[in-house]
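K.L.:
The structure under discussion is supplied below as structure tokens; questions concerning it will follow.
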Amino acid sequence: MRVLAAMSGGVDSAVAASRAVAAGHEVVGVHLALSRDPQSVRESSRGCCSLEDSADARRVCDKLGIPFYVWDFSDRFKEDVIDDFIDSYAIGETPNPCLRCNEKIKFAALLERGIALGFDAVVTGHYARLTQPADGGDGYLRRGVDMNKDQSYVLGVLGAHEIAHCMFPVGDTVKPEIREEAAASGFSVAKKPDSYDICFIPDGNTQAFLGKHIGLRPGMIVDREGTTLREHAGVHEFTIGQRKGLDIKEPAADGRPRYVTDIDAATGTVTVGSREDLEVGVIHADRLKFLHPAMDGELDCEVQVRAHGGVVKCHARIDRTADTMRLDLAESLSGVARGQAAVLYLPDPEGDIVLGSGTICGTEA
């Protein structure tokens, strides 16, 4: 097969490309340039798309003896990821830009161009697995073997078409073994730290970034009784479950910490309350994305609402026609925010199966 190896410049994508070469595929490495502003991504950033990352990716491809290219997706990245991130915070949501990047850039845009150029699949270093059922039907996307690094959640926004053209060669291996393999292969990235930063906010100051792009949109912080506590500069400064940075001088009547429990972007009102006020028992989601067309109606499954969060059993009521679903949780979850992805899993001894996802649009206690 002719495959594109998506080279982030990290150790995982390096080993993924190496394994694809060893498997006999015709491999071409490609690094995605997602910013035209060299100052927007610092060399010290633990992101995934700096100039240093591009150089690391090139060195790996040179070591493997495969072609290497840099593709400029900066315009599409700005529109589909950065602008979406800003717009979501402006309406009181808490988006995950890495999921949107996977959905719109790393798979959709990359795969679209790759197929147009005659490639059969995209190879990445994600910790997830693809398995084929005995009947030869659609493949299953499963959790990676290394549960500490499992990335199936951030792939839950992909559709059947993308999954059919993906390869995840490192998903059946734990991270320490990946580093050992990289070192044995002579890759300079063998000990390179994992990426954590939002790549377009390399200093980690999300509030300052949003303030620059959204500007001042004053509103009020109130408590559960509606008492005004102070003015704020904009709802983009807050997320559900936030405790730090509220800057409320008057303590709560019961002396307990306050948390952001609701954000109303239309009125600019941020409501704070107790930790118990964060508990939800029902999740509503829209913008559904399922890997199998038969996913409709009701089923019992599990849901995960954060990239490194736990799972909770739930009863899902899926309406594909309305593009909505309701999840009744077996146990409450805390701090669930609109804009997060609710990824559904089917428990399985061979590795939990990703069913699909929706974007959280509301909750109930």
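Any Cβ shown, glycine's included, is placed from N, Cα and C.
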K.L.:
Which of these, LEU32, LEU117, LEU141, does Swiss-Prot list as part of the ATP site with ALA6, MET7, SER8, GLY9, GLY10, VAL11, ASP12, SER13, GLY125?
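P.N.:
Record source Swiss-Prot; matching candidate: LEU32.
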K.L.:
Measuring C-alpha to C-alpha, could you say which of the binding-site residues SER8, GLY10, ASP12 are within 10 Å of HIS126 (site 'Interaction with tRNA')?
P.N.:
ASP12
K.L.:
What count of other C-beta atoms do you get within 10 angstroms of the C-beta of GLY10 (ATP binding site), across all chains shown?
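P.N.:
If we count other Cβ atoms within 10 Å of GLY10 (ATP binding site), we arrive at 22.
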K.L.:
At the Cα level, what's the spacing in Å between GLY10 (ATP binding site) and CYS101 (disulfide bond), rounded?
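P.N.:
Checking the Cα atoms of GLY10 (ATP binding site) and CYS101 (disulfide bond) gives a distance of 17 Å.
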K.L.:
Restricting to the same chain and to sequence separations of six or more, state which residues have a Cβ under 8 Å from that of ASP12 (ATP binding site).
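P.N.:
Residues satisfying the criterion: GLY125, HIS126, TYR127, VAL170, ILE178.
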K.L.:
Compute the C-alpha separation of ALA6 (ATP binding site) from CYS199 (disulfide bond), stating it in Å without decimals.
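P.N.:
Taking the Cα atoms only, ALA6 (ATP binding site) lies 16 Å from CYS199 (disulfide bond).
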